[in-house]
Protein chains: 2
Amino acid sequence: MSNKIKLGVVGYGNLGKGAVKAIKATEDLELVAVFTRRDPEALELDDPDAKAVHIDNAGNYQNDIDVMLLCGGSATDLPEQTPYFASMFNTVDSYDTHAKIPEFYQMVNEVATKHHTTAIISTGWDPGLFSLNRVMADAILPNGENYSFWGKGLSQGHSDAVRRVNGVKNGVQYTIPSEEAIEQVRSGANPELTKSGKHRRVCYVVAEKDADKAAIENEIKTMPNYFADYDTEVNFISEEELERDHSKAPHGGFVIRSGNTGEANKQIYEFSLTLDSNPEFTSSVLVAYARAAHRMSQENQFGAKTVYDVAPAYISPRSAEALRRDYL
Amino acid sequence: MSNKIKLGVVGYGNLGKGAVKAIKATEDLELVAVFTRRDPEALELDDPDAKAVHIDNAGNYQNDIDVMLLCGGSATDLPEQTPYFASMFNTVDSYDTHAKIPEFYQMVNEVATKHHTTAIISTGWDPGLFSLNRVMADAILPNGENYSFWGKGLSQGHSDAVRRVNGVKNGVQYTIPSEEAIEQVRSGANPELTKSGKHRRVCYVVAEKDADKAAIENEIKTMPNYFADYDTEVNFISEEELERDHSKAPHGGFVIRSGNTGEANKQIYEFSLTLDSNPEFTSSVLVAYARAAHRMSQENQFGAKTVYDVAPAYISPRSAEALRRDYL
Ligand SMILES: NC(=O)c1ccc[n+]([C@@H]2O[C@H](COP(=O)([O-])OP(=O)(O)OC[C@H]3O[C@@H](n4cnc5c(N)ncnc54)[C@H](OP(=O)(O)O)[C@@H]3O)[C@@H](O)[C@H]2O)c1
Ligand SMILES: NC(=O)c1ccc[n+]([C@@H]2O[C@H](COP(=O)([O-])OP(=O)(O)OC[C@H]3O[C@@H](n4cnc5c(N)ncnc54)[C@H](OP(=O)(O)O)[C@@H]3O)[C@@H](O)[C@H]2O)c1
């Protein structure tokens, strides 16, 4: 029997696929099974060693799995799946509906406390690493201001909105942080910025044959909520170009805090990610936090936890001695 | 009686002065006294409310102080002061002799474990926040490489070396990361870089009257260990220019991890600091970690700790609810 920490993956979408790959890249973790609501036979797992199991049979794996990585969607999957799985397993999820996190936390905390499991919620990069840096920067530099910028990144919601426009065959939308706004923040000027002042939107659109491109561009640029308040650029490209240049899911962004200490010394704290693949990075974070869920549950630290509750040593595969010797 | 966490500051050098200012910038912490080996009467404290006490009387304050911030030098002060104070108080220090951290940890851990105190060692930015990011990035992206760059920053040791050169009246040295090396790393190329390949050195020198400037420049540029292996620039300036343009202690740098996930997706993780004042920022980190030392000791988490052992929530003045609601 191996000493590895045994993991299950729930849901085989973008994050689930990323999680299977991320587990393979480690030496201390192993995948027991992928659980899905679909027919497990029909699921084409990239990894020949991986096994797919119907989600209804997950309960049989309580003795075989240390931590379940919950890779379902935040809108409707996780509000059901996290409490359900936290009643039987330690869990890690990436619940990202920021406004509903307090109630999600409370619901999961009740279940996990009652069933003596450790449920780390809302990990990933935002929420997750960005949240961590917002709090650390605020704690260290009380006289200052936090700024979060997102992008360059593919936005699923805005791409969907573009594709719903009349005459659009296909398309994607990138959110791009304004270089000017970033420079202002980095200079320590502490500007007041609105969300639309911080970001531009760039669309790549494949038009239907004979569609009115001017009308499409106008409809996109004036779309309320999505584009009207932003500096928006619309580019028309061919289906081949879309396939060739825009089929990845890059993302990233910055958290910057600009603060003052003493009389007027400017101190700039900055954290940034530049990701070729948003879901592969997010699931790599989930996989690292699985170590923490396992270790904290072994120390009887039960209940719902967030990145704020996890000492960094818990997510590392290395020993405390090695960390002090080689990384401090 | 106030609910604030009560702090003492040991040593009134650059970090000690920064700590006094940083405590004043918080709402939940208060300064009880500054302890010094010098005549406390002769110490000119910037803050009219602050009190200076001789270090020999520190033992009398065990009931009045929750955490001692140890602001002595790493070379000779902290190896004595940290174990001495950890036998009576919770402590935070910024011990930065990287190679000796394991033995320093062990020595402090024994004392703190025996006396039921919490001693957070080697905080600040490097060691400290940089160390934290090296470990988190490594845990999340196992297939990758860490790079640390320092600067632009004033280096005390190299400035001293410049000032020892014959014919030099005064001078400073800045370490500057190579833009080219940073670009290579950010591109995800994972280059092999030596320390001298990553940094340049720029000196501002005030020469003695009638000194041979060519000889000074040559002696600096060929100085073994300090400059010979580096791309070094020497600029001669006046005493007034030195005073006007080079009397602050800026510093900073980057930790970058470039890693791959899945087949070949590049993921760049980057943390950076741009500091007008190195000691004021460092002491702001110490002050934030004082909250953690106090809280962890209240939870009986005794012994020596590093940034790896401290859950981020412990350093924040905010409640767990507020962090989840406003920062996650
Ligand atoms: N915190 C962060 O930084 C961060 C970053 C990115 C994403 N997220 C969160 O992660 C969540 C999941 O993202 P995702 O991109 O993995 O979502 P997704 O691909 O839509 O997958 C969600 C679920 O849908 C099901 N599914 C996937 N492909 C399917 C298909 N072809 N047919 C039918 N069902 C399918 C899967 O469940 P079954 O296998 O059970 O069918 C899967 O678990 C998002 O909702 C977001 O909230 C967080
Ligand atoms: N981890 C990090 O990121 C980081 C960053 C920066 C520095 N550091 C560490 O912090 C340590 C302290 O740095 P620092 O710049 O504060 O050192 P410093 O100014 O030289 O002060 C060190 C000690 O020297 C004494 N002192 C200061 N000024 C004096 C004076 N005019 N005359 C006589 N004694 C004086 C003080 O003790 P008394 O009051 O008892 O005399 C003080 O505690 C460094 O050794 C370094 O290791 C760490």
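Using the three backbone atoms N, Cα and C, a Cβ is placed for every residue, glycine included.
Just so it is clear, the model here is predicted, and its values are computed rather than measured.
The NADP(+) binding site feature in TrEMBL is assigned to B:12-15, B:36-38, B:71-74, B:94-96, B:123-127. All protein chains shown were included, and the count of other CB atoms within 10 Å of the CB of B:Gly124 (NADP(+) binding site) stands at 25. The DSSP secondary structure for B:Gly124 (NADP(+) binding site) is coil.
Look at TrEMBL and you will find B:124-277 tagged as domain 'Meso-diaminopimelate D-dehydrogenase C-terminal'.
The Cβ neighbour count for B:Arg201 (substrate binding site), using a 10 Å radius over every protein chain in view, is 23. Residues annotated as substrate binding site in TrEMBL: B:Trp150, B:Thr175, B:Arg201, B:His251, B:Asn278.
Spacing of B:Tyr95 (NADP(+) binding site) relative to B:Asn278 (substrate binding site) is 15 Å (Cα to Cα, whole number). The binding-site residues shown are B:Trp150, B:Thr175, B:Arg201, B:His251, B:Asn278; of these, the one with its CA atom nearest the CA of B:Leu15 (NADP(+) binding site) is B:Asn278. Checking the binding-site residues B:Leu15, B:Arg38, B:Trp150, B:Thr175, B:Arg201 against ligand 2, the ones whose Cβ sits under 6 Å from it are B:Leu15, B:Arg38. Straight-line distance linking the Cα atoms of B:Arg201 (substrate binding site) and B:Tyr12 (NADP(+) binding site), rounded to a whole number, equals 30 Å.
Separating the Cα atoms of B:Trp150 (substrate binding site) and B:Pro127 (NADP(+) binding site) is a whole-number distance of 12 Å. Listed in sequence order, B:Gly11, B:Gly13 are the same-chain residues at least 6 apart in sequence whose CB falls under 8 Å from the CB of B:Gly73 (NADP(+) binding site).
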